[in-house]
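Engineer: Per TrEMBL, the features are:
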{"type": "ACT_SITE", "residues": "240", "note": "active site, nucleophile"}
{"type": "ACT_SITE", "residues": "469", "note": "active site, proton donor/acceptor"}
{"type": "BINDING", "residues": "242, 471", "note": "substrate binding site"}
{"type": "COILED", "residues": "74-106", "note": "coiled coil"}
{"type": "REGION", "residues": "109-132", "note": "region 'Disordered'"}
{"type": "SITE", "residues": "492", "note": "site 'Interaction with DNA'"}
């Protein structure tokens, strides 16, 4: 008789098993019509078809008859580690599990009802019939994919987090220097989530904190960490860029993402991340440069960070600053950087930052003719104070580009993807999720915006109830993408800039950073990785960054794309895990766009009303 184990709320049984309760919470075992409550240290014999309910969340799991190929034997030390981890998980997951269950209960789809209906559950407790045919994308350990990845969301079924990342998947290996750029930084959570950071000889935090949050940051940071807050020459600006730069003995890893360095952003929200590793230049590439290198170094210089001195084993004393990064070969970068820097930009700098940078890049690229007048989606988590004139200015930038026959793509139908009040109320955070969608009613209620509103639907990625902090801008036709931009930039003049003086000056208030994916830049992966010595070959043909023939262009599609000849298309099609539905559905008459300064009296998934205080710092979070 073997003993079954409960791990993270999932029962992994063996034949003719005894189940013993090791935690503090009781469980209910249903054998036919009889229910048995088991408390700590109590055992029961189980067989296929029995149902286990884990209290207090009352999440039901069915014991299935599984043939075990081999038995895993845990020694005492391993058992203690597992139990300690399980106890931590119980504390973190309890409130989230209740919220998820409340969402299901509201729609009449409780776990118990699913079992009663005879629907099969997988080992994550998810109905297999509810899964979309869309597949999440996987990549080999050590290989940085050419596309972005979604971040994991706590409490989702296993399939929804397949191919997704957490912070330890990104910050890994023998790092000797790390630059972490963000708006909000919670040191307590950061060190608990990624203990490796304490071992890195030098960490620099480029941040946007102020007031008591800055005081807390200074108090909690390790003594050898450095802080830098870039200057903000214009009022109402912020340092909002979210990026990481990790130095290894073999190269550098550049990461651009959408999450603040706080618990809720890396656990409860829809987020995205791009990263790529680059080697040091060799004798053949020394002295050369690339568009990515120029954009990257110029942005680092704009932060006005003076750098730091660091002793590197095997290399001696190093001065690490913006110009230091010219040592790396960025020629294989598969994205273009789109950054914003505060100031009044004129002359040659007019098209260097913000939406004018996006315009200048798109104007110099060619696209398939299917994208002539094709639609666009603007998706973000904060809406600025907009007017129709500026939105038209911004749209001129996003609608730039030409076909291979030199025909302008021209304007297309535009939609603004924005959560409704019901989306927020029924989310896994309840109304607390609205704290990270900080747009006031005066910005949201403008009449001219009403025709653009579109719904947040993310069933195919399991993120319907994980509110987006993800920010993206895309031009598409069906499931085909002309280009895709992952960024920190919300839809605002402060983030993207506004033209002044008859279009001769661009005024930007904030620091932002994003990566633009273009089909014409997608050649083969050269296989370089800072954390994996294996050669990672890419089957794609060598291509140029200045392609002019449609036959040479890699095709961008969503993960929901269903090709007719998938084996043939494998080498020419790149699937992007766009988390939301394309094309999106417009609002119906009952939908109300979320604004965070209104009172909402209908209880959310936690029985809470809005407004309420939301805790954002610390490892123990309010749910």
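Each residue, glycine too, has its Cβ placed from N, Cα and C.
Note that TrEMBL annotation is computational and uncurated.
Just so it is clear, the model here is predicted, and its values are computed rather than measured.
Locate each feature and note its surroundings.
Structural biologist: Around residue 240 (active site, nucleophile), a 10 Å sphere centred on its CB holds 24 further CB atoms from the protein chains shown.
The Cβ neighbour count for residue 469 (active site, proton donor/acceptor), using a 10 Å radius over every protein chain in view, is 25.
Proximity of residue 492 (site 'Interaction with DNA') to non-local residues of its own chain (separation of 6 or more, Cβ distance below 8 Å) is seen for 382, 383, 384, 385, 386, given in sequence order.
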Engineer: If you draw a 10 Å sphere around the Cβ of residue 471 (substrate binding site), how many other Cβ atoms fall inside it, taking every protein chain shown into account?
Structural biologist: 24
Engineer: Could you give the Cα-Cα distance between residue 469 (active site, proton donor/acceptor) and residue 242 (substrate binding site), in whole Å?
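Structural biologist: Checking the Cα atoms of residue 469 (active site, proton donor/acceptor) and residue 242 (substrate binding site) gives a distance of 12 Å.
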Engineer: Where residue 471 (substrate binding site) and residue 240 (active site, nucleophile) are concerned, what is their Cα separation in Å, rounded?
Structural biologist: 12
